[in-house]
Amino acid sequence: MQIYLANPRGFCAGVDRAIAIVNEALLRFEPPIYVRHEVVHNKFVVSDLANRGAVFVEELHEVPDGSIVIFSAHGVSKAVEDEAERRDLTVFDATCPLVTKVHIEVAKFAQDGMDAVLIGHAGHPEVEGTMGRFNHRHGGQIHLVENESDVEALSVQDAERLAFVTQTTLSMDDTARVIDALREKFPSIQGPRKDDICYATQNRQDAVKDLAGRCEVVLVVGSPNSSNSNRLRELAERMNCRAYLIDNATEMNKSWFDGIQSVGVTAGASAPEVLIQEVLQQLQNWGGDLPSELLGIEENVTFSLPKALRIPMTQVGK
């Protein structure tokens, strides 16, 4: 059985930064270090950080006044930010800079009194944070749509003063269809200068298309609550390739590969390489060949840590 390995795969720059922020905070400060929501959507990563002292909570009221809290990579609403300031919390913001870019876009549309349309998945923390960045005091409204049917039912205040943004981890193909529907219904709608779907999401979706074109089965390493990982599985399935989303190698079933000559492996942007290697090892234990890594776009994006976490340890407290 041939094994193909997608490239790029796994951690993106935003995830690297978010995990590094928690790690640095754990090194520099006395516990407890609170993290609002899973810092990234991966069970292995969250469990590892929790074992080293991070305390994960869902809401800010679970964090005692005056404590250290880290906001997850998905971002938070302005109300959460304001509450943290009111309660004298020391905040390290692990929001991905590409999510922050969308927050800035939304805030500008609100400031201009426009309506905004957010393309995204209801209930996802990134969507909740972005919706919460829209200030209604200037007369505008923000609307959430997930698909073309939502666009068909959408009613806005002024179709001539309307803009859209998107969640960063969506399917590129699905989003393109929703944007087309918006432009058809609202010809004057404004959009971002550069696509809001992040570079890592785009690159991993392109890579899984390549993978699915070669393989009978595709394994996506990622947690069930990871938006970008789910989109990878769905994309492989749309290319008529059987696909499974797995947290780790223990979730694999040997029967999936009965009579299979080729299998592909990729990973969502919040899945660490160690989990990918465990999957590859299990496939080889079941008779797979040495993995062949496919060519792909080389990623060299990096994001800086907050200034307070870049100060050399020898200067902390001076």
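Glycine is treated like the rest: Cβ placed from N, Cα and C.
The annotation [4Fe-4S] cluster binding site is assigned in Swiss-Prot to Cys12, Cys96, Cys198 on the grounds of sequence analysis. Taking Cβ-Cβ distances under 8 Å and a sequence separation of 6 or more, the neighbours of Cys96 ([4Fe-4S] cluster binding site) in its chain are Gly14, Val15, Arg17, Ala18, Ala73, His74, Gly75, Thr168, Cys198, Phe303. For the recorded site, Cys96 ([4Fe-4S] cluster binding site), the DSSP three-state label reads coil.
DSSP assigns His124 (dimethylallyl diphosphate binding site) to coil in the three-state reduction, outside any helix or strand. Residues or ranges marked as dimethylallyl diphosphate binding site by Swiss-Prot: His41, His74, His124, Ser226, Ser227, Asn228, Ser270.
Within 10 Å of the Cβ of Asn228 (dimethylallyl diphosphate binding site) there are 27 other Cβ atoms, across all protein chains. Residues or ranges marked as isopentenyl diphosphate binding site in Swiss-Prot: His41, His74, His124, Ser226, Ser227, Asn228, Ser270.
The (2E)-4-hydroxy-3-methylbut-2-enyl diphosphate binding site annotation in Swiss-Prot covers His41, His74, His124, Thr168, Ser226, Ser227, Asn228, Ser270 and is backed by sequence analysis.
All chains included, 25 other C-beta atoms sit within 10 angstroms of the C-beta of Glu126 (active site, proton donor). Annotation source Swiss-Prot lists active site, proton donor at Glu126.
Listed binding-site residues: Thr168, Ser226, Ser227, Ser270; maximum Cβ neighbour count within 10 Å falls on Ser270. The full span of the recorded dimethylallyl diphosphate binding residues, His41, His74, His124, Ser226, Ser227, Asn228, Ser270, taken as their largest Cα to Cα distance, is 15 Å. Listed in sequence order, the residues Val40, Glu126, Thr169, Asn225, Ser229, Gly268, Ala269 complete the 8 Å Cβ shell around the isopentenyl diphosphate site centroid, once His41, His74, His124, Ser226, Ser227, Asn228, Ser270 themselves are left out. Least crowded of the binding-site residues (Cys12, Cys198), judged by neighbouring Cβ atoms within 10 Å of its own Cβ: Cys198.
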